[in-house]
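According to TrEMBL, the protein has these features:
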BINDING   TYR62, GLU63, CYS116, THR151, ASN201, ARG206, SER217, ILE218, LYS219  Mo-molybdopterin binding site
DOMAIN    78-235  domain 'Oxidoreductase molybdopterin-binding'
Amino acid sequence: MKITPEKLFEKRREFIKLGAGSLLATSLINTKLEALNFIADDNKNELKISPEEAATTYINFYEFSTNKRAAVELAKSFHTRDWKVEIKGLVKEEKTLNMDDFLKFKLEERIYRLRCVEAWSMVIPWIGFELRALIESLDVLPEAKYIKFTTLFDKSRFADQASNFPVLDYPYVEALRLDEAMHPLTILAVGMYKKPLGATNGAPIRLVVPWKYGFKSIKSIVKIEFTKEQPKTTWELYNPKEYGFYSNVNPQVSHPRWSQAEERVIGEFFTRKTELFNGYEKEVAHLYEGMDLRKYF
Ligand SMILES: Nc1nc2c(c(=O)[nH]1)N[C@H]1C(S)=C(S)[C@@H](COP(=O)(O)O)O[C@H]1N2
Ligand SMILES: [Mo]
C-alpha cells in the first residue's frame, strides 16, 4: 500500500493519542478517572481488604478462559477504547451512553465482601456509583420489573467466544429485579483499589451486587435493558438445578455438589463461616420477605 502524507499524518495522530494514554495509564478513561475524586469508604465494619494481587489474578472471566492464569494473560491485550453501553427496552428513550456519561455520576469507594459460588471469598475496595442513580436518570416505564445486563460479544477480543466449544452460551447475561437494582448497595463499578478497573475485573464497567454470589456481578457490560418478564440468565440456562435467578448468598442452601456453609478467604490461611446474604442481611433481607429462599435460590 502506498502511504500518502495524509495517511502518515493520521497514523502519527493515532500513535500520539495512544502514546499519551499509555504513559498515564492504559486507556483513555484512566486519565479521567484519576482526575476525578471519589468519596473514600471509611470501612466502618473493618473488613480486611484482600491483596490487590489476589483480586486481579484469582479471577473468573470465562470469556477469556476458565483457567484463571490463562484469563489473566489473555486480558492483557484487551482494550476498552470507545466503549459504549446501550440502554434499551422499557424506557422512554432508548440511547447509547459512553464512559464520560457514566463518570458524571457521584463516584464512591465501596469496600464489599465478594463471595463466589465456588466457596471462596475476598474483600474488594470497588469504585463506582449507585445503579439507582443511573436508573433514576432514565425515565424507566412503570411496566419495567427487571433489569438485564449483557457483556460484550466479540470473538476477536474474547478467546472463549471464538472457540469451537465455548464454555458458556455467550453473550453472558445477568439480571436483577428492579427493586434489587435500586438498592443502594448495588453499584456499577468503574474502578477498584483506587484505580480504573483492569480487563481482568470487568473493565471498563461492571455490576457489583455484594449480597449475591459473584457470578451475578457481570463484567464488561455493553447493554442494559428494562424488561417486564424475568430474563433468563446465563448460569440459569447453563444449569437451572444448580444456579437460580436470585443466587443470594445463603449458607443453608447447598450447591447440589458442595456445601455453601463456609468459604476459603483468598490470601488467608483460614476459612470463615458464610453469612446469610453475605453479611448484608440487615440491609437486604426485606427485599425477600415472605419468599421461600430454598425455592427462590
Ligand atoms: N462477563 C462475565 N462476568 C463475570 C464472570 C464471567 O465469567 N464473565 N464471572 C463471574 C464470577 S463467577 C465471579 S466470582 C465474579 C468475579 O469477579 P472478579 O474476578 O472481579 O473478582 O465475576 C463474575 N462476572
Ligand atoms: Mo464466581
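Backbone N, Cα and C define each Cβ position, glycine as well.
Features per TrEMBL, on structure.
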residue: TYR62; record: Mo-molybdopterin binding site; CB count, 10 Å: 20
residue: CYS116; record: Mo-molybdopterin binding site; CB count, 10 Å: 19
residue: ASN201; record: Mo-molybdopterin binding site; CB count, 10 Å: 22
residue: SER217; record: Mo-molybdopterin binding site; CB count, 10 Å: 25
residue: LYS219; record: Mo-molybdopterin binding site; CB count, 10 Å: 24
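Ligand 2 lies under 6 Å from the Cβ of CYS116, out of the binding-site residues TYR62, CYS116, ASN201, SER217, LYS219. Binding residues for Mo-molybdopterin (TYR62, GLU63, CYS116, THR151, ASN201, ARG206, SER217, ILE218, LYS219) extend across at most 19 Å, taking the greatest CA-CA distance.
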